[in-house]
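Q: Please find one structure pasted underneath; my questions will follow.
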Amino acid sequence: MTLAVEVTQLSIYADEQCLVDRLSLQIRLGQPVTILGETGSGKSLLAHAIAGILPSGLRQEGHVTLFGRSQDALSQSELEAMWGKALAVLPQEPWLALNPIRAIDGQISEVGECVLQEPSTHSQGNAQRQLDRLGLGEDGNKIPAWLSGGMAQRAAYAAATYAGAPLLIADEPSKGLDEARRDQIGALLVQHAQCHALLTITHDIELARQIGGEIIVMRQGQILERGDAEQILNQPRSDYAKALIAAHPSQWPQATKHRQTTPVLSANALSHRRGGRLLFNQLDIQLHQGEIVGLSGDSGSGKSTLADILLGLLSPDSGKIANPLPRGQALKLYQDPPAAFAQHVSMGALLQDLIRLHKLDANQIPALMNQLNLAPALLQRPARAISGGELQRFALLRALLMKPRFLVADEPTSRLDPITAAQITQLLVKYAREHDAALLFISHERTALERICDRIISL
Amino acid sequence: MMPRLLPLLGLVLLAALLSLVAIDLLYFGRDPALQQLQQVFLHPSPDHPLGTDQFGRCNLARLSAAIQNSLLMSLLCVATAALLGTGAGLAAAWYQGWVDRCLSFIINVLMALPGLVLVLLFAALIPGSFVMLYLAISAVLWVEYFRLVRSATLSLRHAPEVEASMLYGFGKGYILRRHLLPKLLPDLLSLACFGAASAILALASIGFVYVGLKPPEAELGLMMVELLPYYSDAPWVLAQPLLTVFVLILSFNLIASGVRHDIGR
Amino acid sequence: MIALLKRRLLQAMLVAWSVGTLTFVLMHLLPGDFAYRIAAGRYGYDQVNKLAADAVHVELGLADPAWLQYLSWLWDLLRFDLGNSLISGAPVLQEIQHQLGHSLQLALFATVFSLLIAVPIGVYCGKRAKGPADQLCLMISTLLRAQPVFVIGLVLVLIFALQLGWFPVAGFGGSQYLILPAISLALTMAALSNRIIRNNTASVMGSPYMQFARLKGLNAEQAFARHAAPNIALPVIAFVGVQAIALIEGIVMIESLFSWPGIGHALAHAIFGRDVPMIQASALLMGLLFVLINTVVDLLGYWLDPRQQPQPKKRGAQ
């Protein structure tokens, strides 16, 4: 089978720091290769190195051979001539990779006109056929802002592959997509891989499982293990691969159901509209002490809006909360941990503010920090100098100080790497139960909700 | 290295102009309007370090008075505009409703006309009045503060960090102190520097078209038109107010560029 | 788009109202007998007497309460009845018509010149951001921006008119009179706009969609023409609207400096002579010119940027 890419002993350095350490791999037509690892571990740099678009300031060692031609021997213009025709890149952020002010059909068909020198009517026909095949037949005249993330990803796929490159590099293709849309793009890649060479870079083990072929597990630029997809995903050898696989919601233990006790909050007949669209109508919700309730739905379906109404931040169009909780008893954990803290002071100062306001006992902080595995030195730092996982634990600590009766967690782990995300979720569930708080857990990951929640509300 | 040096250069330039004023006040202290017609266009000498003008008035005294006029005007206008604009912007964004609608209406009226036209119309009400010009320039300048503070506060008001503080029971004062002001400060400071430059520019502009401060007042724009006819006799006298306006505006612009770099992360 | 036009129409009304109110106040602040001045404006100071002044007094309704006078002042304004000049006595509208044409001519040439200077420089520097040429441009722009427009004009006059004698010092006539004022305005505007264009270009060139366009297979020229240029052009067009303020303020200054017979010159002149009807008319037209420029910019932006347009429902329904 034809060898598309051969990478030998590739290392990438930023100054003295090694971002990718002596990586070798071969990609052949019909045999997909997947690099699996956490975000920010240097995986994407590999894609850039193969395409020859490594940002200036990074140093590359080792060899990359594309279709039998060594990258070192290629001039810049010869390398650029391979883009589109020999190698295609599926971008990480499809929304940003498409020109924001042009309809997508033109952005696909122009590849035919400019690269393959086809007559424009011919390219337009081809582009339309591609769009039809990808389920975007009606959407060709739309600009990216009018497409969903999944639609934009498919449009970008059509544009990237139009010129017929035998090699496709897909960089985090499932980023930001929910399970159903991830499966869609996965299916597309599987189909593409049948007669093309495919290199996928992802942190998503379900996508890796779907694509199959060879998997290389990487962390901080180091290869931890590599082998056949089946074998790696079912019998991982490295600790990291084990942790990564165990962190996936499908591997979580099923929580024991909580029996319903005293109600904390009841809302009757809630209805709300946004931009003329009815989000929910005549919704009754009751939350009990120690109960964990999941809230799922597509983006824009009103999950956060409902939570804000329950928290008393927003008045519903109709309906009401029967027993609104006093301020400080209904709290929220946010999706983007650094955004939830004042930026210009240290965590210690913020906690002091809270202690002074509510006359809390400051002595409980060291013990809680210890339980949540937070180093005392972190108190000196401002939020943006603390990692997302630690910050989310700080958010939990801040909430626990108040002994809240109702806690909303709004996608609290979607910006965290899978292993940290699993840890945070487990901690949240544990403390909500221990403190008898009602926890409303918002997520677009249905599997995760099914594992941890007593019941799920779908919008 | 460049961006660190530039604001410093701005401060040095401003300090140089201020020391010019100080030298005049401490060692000479002449009346800038005092005419000595037998001493027209004297070249610089120890007695008149910058020479004299077409009426034999001491250039140093006139330049020093003009710089004081410009700086006083800009200081007053910026302080007024900053306080008024920040306060009104916070109120409009926080209370919304009719407060916001009223304030935004006033802003729309002010923005319907280019600033200088508005200043000219105000200047026409009471010609040659420093107070009128102060009111007019402040009225134009506060618009920027209002718009900046209002939009920043509107977006921050529902930002997770502010929402979280509200959920935890913190009041408006705390949110202003901890969340809003630290975020707004760099922008407010750079706006203040640009505002000072605009005020100086506006004052000189209307002086230049003869509708600002009246002779014998020493004012940079006015000095330029007055000296223009004598350009061939004494180009170096005409150059003095030209250079002064240039250095004043440049120094504030340079300081503004540094404010953003140093405070904004 | 209707909302956009409505907003601009409202702005035009606000211009008229604020100009009308300020000039009304101004009229009443004028020293001396108001009717006498109007009468003098009408018949000349030699012919005016108490009788004529009294007739004007009655005719203008000056015996009416202030609020009624205010309303009738605004009503006249709404009908575009702007009265006669207090100085020349001629109908203001007649005088101002020609002046508006001259100002429009100057504004148009200044804007075109500024774009001719700023666009090539901005795009060139944006493609080579942080390079030596970019640093040099930054320095020149910073120095130019610290100059009030009339100082630039003054320096150009000193060099090109008085020293070299290439152009006339001031006045109005053939194209040689237009060059210096238009260039002065253009330099002031370009000093700022070339940096804006440079920043846009740099961010567009580094954008993910430009990289993706190259990776699709387009060469550098194709990618620039098809993806970078339109995305650079949009904010540039919007910035022309922002610069309308600088343009109109500059027109007041530059017309006065060059004795260019436009509405800016007329405004400064009228304020100096306290000729209220002329002040009203020229300020009104400057304000309306400002609104007009912004309206054109808005419409262009709407037409060129699909993000501002409503989303098409079905294919072919565009």
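Every residue gets a Cβ built from N, Cα and C, even glycine.
No curator has checked TrEMBL annotations; they are predicted automatically.
Residues or ranges marked as transmembrane segment by TrEMBL: C:12-30, C:106-125, C:146-166, C:178-197, C:232-258, C:278-304. The domain 'ABC transmembrane type-1' feature in TrEMBL is assigned to C:100-301.
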Q: Under 8 Å for C-beta pairs, could you tell me which stretch among C:106-125, C:232-258, C:278-304 has the largest tally with the transmembrane segment (C:12-30)?
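A: Between the candidates C:106-125, C:232-258, C:278-304, the best contact partner of the transmembrane segment (C:12-30) is C:278-304.
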Q: Take the transmembrane segment (C:106-125) and find every residue of the same chain, 6 or more past its ends, with a Cβ under 8 Å from one of its Cβ atoms.
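A: Distant contacts of the transmembrane segment (C:106-125): 131, 133-134, 137, 178, 181-183, 185-187, 189-190, 193-198, 200-201, 232, 236, 240, 243, 247-248, 250-251, 254-255, 260, 262, 289, 293.
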Q: Looking only at residues six or more beyond either end of the transmembrane segment (C:232-258), which have a C-beta under 8 A from one in the stretch?
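A: Same-chain contacts beyond the flanks: 103, 106-107, 110-111, 114-115, 119, 123, 126, 148-150, 153-154, 157, 170-171, 177, 180-181, 184-185, 188-189, 192-193, 196-197, 200-201, 204, 264-265, 267-269, 286, 289-290, 293-294, 297-298, 300-301, 304-305.
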Q: What same-chain residues lie close to the transmembrane segment (C:278-304): Cβ under 8 Å, and 6 or more beyond its ends?
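A: Cβ under 8 Å, 6 or more out: 1, 4-5, 8, 11-12, 15-16, 18-20, 22-23, 26, 77, 82-83, 85-87, 92-93, 95-96, 99-100, 103-104, 107, 230, 233-234, 237-238, 240-241, 244-245, 247-248, 251-252, 263-264, 266-267, 269-271.
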Q: Against which stretches of its own chain does the transmembrane segment (C:178-197) lie, if we need a Cβ under 8 Å and a gap of at least six residues from its ends?
A: 105-106, 109-111, 113-119, 121-123, 125-126, 137-138, 140-141, 144-145, 147, 149, 152-153, 156-157, 160-161, 167, 232, 235-236, 239-240, 243, 246-247, 250-251, 254-255, 257-258, 260
